[in-house]
Structures are given as structure tokens and as C-alpha cells.
Amino acid sequence: MTILNSLNQFSKGRLSWLLLLLFVVFFEACALYFQHVMMLAPCVMCIYERVAMMGVGVAAIVGLMAPNNPIFRWLGLIGWGLSSYKGLLLAQQHVDYQFNPSPFATCDLFVTFPSWRPLNQWAPWIFEAYGDCSKIVWQFLDLSMPQWLVVIFAGNLIALALIVI
């Protein structure tokens with residue numbers, strides 16, 4: 001059995017989806033720690049990236065419900081892929097704001113959610129943005145937070161590709 005077959009079989013069990021969900025919970029907890037304990041103000045792009053990460057979590061829950069059922073498994077895989085791809089695009093745009101600042105290319109001043117789902121009004125402690133997208137407020141191993149998110153979302157897409165192949 002090849003490693004790709006092993007990964008594919010692993011994705012048909014609950015443990016794989018639980019690990020993905022725990023991965024999301026860990027990174028969301030880190031985001032809230034940075035915001036509420038370290039007092040780092042999240043920007044609009046940070047909030048959108050946070051929502052993309054939550055999309056990965058929702059996909060993990062869908063896959064966790066019935067991993068042997070092809071419909072639930074594929075819905076989970078597709079949701080994981082779409083959320084990771086959108087998160088990667090948002091993180092890359094955020095990196096661009098930080099490393100190529102321009103008065104003509106800036107992020108929005110306020111988060112904009114649909115009127116039927118105003119997350120920033122329902123849970124402002126999680127979804128309200130009041131930081132500057134172009135400001136680098138935290139670094140680890142010489143990478144800013146959006147650069148780490150590029151690594152994380154790209155890693156998700158690579159893991160997904162290895163599982164699906």
C-alpha cells in the first residue's frame with residue numbers, strides 16, 4: 001500500500017477529521033489569544049482569514065459526521081479545499097498590503113458581512129476589526145502573521161491534494 005493510499009484510507013476515518021478540527025480550534029484559539037491577551041488589534045483581512053479558517057472547521061465537522069459516507073466525505077473535502085483556497089488568497093493579499101504598502105491599495109476600514117449574517121454584530125469580540133492591515137505587529141521566525149497563514153493554508157491545500165489523489 002502506498003503512502004497516498006494510506007492517506008486516502010486515513011481520511012475515511014473520524015480521527016483524520018477530528019485532527020483537522022483540532023487544528024482549526026488551535027489556530028482560532030491562537031488568534032483570540034493574540035487579540036485579547038497580547039492586545040494585538042485584528043485588521044479586516046485578519047477577520048476574513050479567521051472566517052476562512054472557520055470554514056475549514058465547518059468542513060471538518062461535516063466530514064466528522066460520517067467519514068465513510070461518500071457524500072459527507074466529499075462535502076467535507078470540497079469545503080476544506082474551498083475554505084483553504086480562499087484563506088490562501090486572503091493571506092497573500094494581506095502579505096501584499098504589508099510588504100507593498102500603497103495609499104491606493106488598502107484594505108477596507110470595516111468588515112463587511114452579508115446583512116443576513118452580520119457576524120461582527122453577533123460576536124464583535126471575535127469578528128470586529130480595528131487594526132491596520134499594512135502594519136506588521138507580530139513576527140515569528142522572521143515571518144509575519146499573514147505569512148504564516150499563507151504557509152498554513154498552503155499546507156492545508158497540499159494535505160488535501162495528497163488525500164484526494
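In case you wondered, yes, glycine gets a Cβ from its N, Cα and C as well.
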| request: Validate this pair against Swiss-Prot: M38 and W116, same side of the membrane or not. | output: yes
| task | Determine the Cβ neighbour count for C43 (disulfide bond): the number of other Cβ atoms within 10 Å of its Cβ. | result | 26
| task | For C46 (disulfide bond) and C133 (disulfide bond), determine the Cα separation and express it in whole Å. | result | 8
| query | Is the topological domain 'Periplasmic' (34-51) packed against any residues at least 6 beyond its ends, judged by a Cβ distance under 8 Å, and which are they? | reply | 28, 87, 90-91, 93-94, 97, 107-111, 119-120, 125-133, 135, 137-138, 145-146, 149
| request: Can you check how the pLDDT averages out over the topological domain 'Periplasmic' (34-51)? | output: 90
| request: Would you mind pulling the DSSP three-state label for C43 (disulfide bond)? | output: coil
| Cβ neighbours within the same chain of C107 (disulfide bond) - under 8 Å, at least six residues apart | C43, V44, M45, H94, Y97, C133, S134
